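Look at TrEMBL and you will find His31, Arg69, Tyr133 tagged as substrate binding site. According to TrEMBL, the domain 'Transthyretin/hydroxyisourate hydrolase' annotation covers 24-135. As annotated by TrEMBL, signal peptide applies to 1-21.
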Amino acid sequence: MNFSVLFVFFVGASLLSIVAPAVPTASISAHVLDISGGHPAAGIQILAFIQQNDAWTKIGAEFTQDNGRVDWVSPDFALIAGTYRLVYLTQPFYKNKGIDSFYPYVEVVFQINDPTQHYHVPLTLSPWGYSTYRGS
């Protein structure tokens, strides 16, 4: 490998590390799979909230990548123990495909007792149903 190729590789890798902050262990990630077509669901917006007192406070808004994943749903919020909610805005995804869907969005509410852990919240989705679980 010549010097110019190595230089471009290392400069590109360095720029990526500047642009994309490292995801900490104490974080929430998500993944959406469109099981009606057997593909990752790219472009679904996921809104993240924490319950504080009797209100929900928005802590993040990210779109799923081409692989259907969001590595970190709330990059500007340090996890604390509490009740969280992820809202997957599913209707625009299917509308862009010209498919009617039953659920305009999916809400997943969960409890975090240990904010030092990583929490992965996948969603398997079709126009007429969904399922979720705690992933790893």
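We number each residue from 1, going along the chain as drawn.
Cβ atoms are placed via backbone N, Cα and C, with glycine included.
For the substrate site, whose annotated binding residues are His31, Arg69, Tyr133, the maximal Cα to Cα separation is 15 Å.
The number of other CB atoms found within 10 A of the CB of Tyr133 (substrate binding site), across every protein chain shown, is 10. Each of Ser29, Ala30, Val32, Leu33, Gly68, His120, Val121, Pro122, Leu123, Gly135 belongs to the same chain as His31, Arg69, Tyr133, is absent from that list, and has a C-beta within 8 angstroms of the C-beta centroid marking the substrate site. Around Arg69 (substrate binding site), a 10 Å sphere centred on its CB holds 18 further CB atoms from the protein chains shown. Listed in sequence order, the residues of the same chain lying 6 or more apart from His31 (substrate binding site) and placing their CB within less than 8 Å of its CB are Pro40, Thr64, Gly68, Arg69, Val70, His120, Val121, Pro122, Leu123, Gly135.
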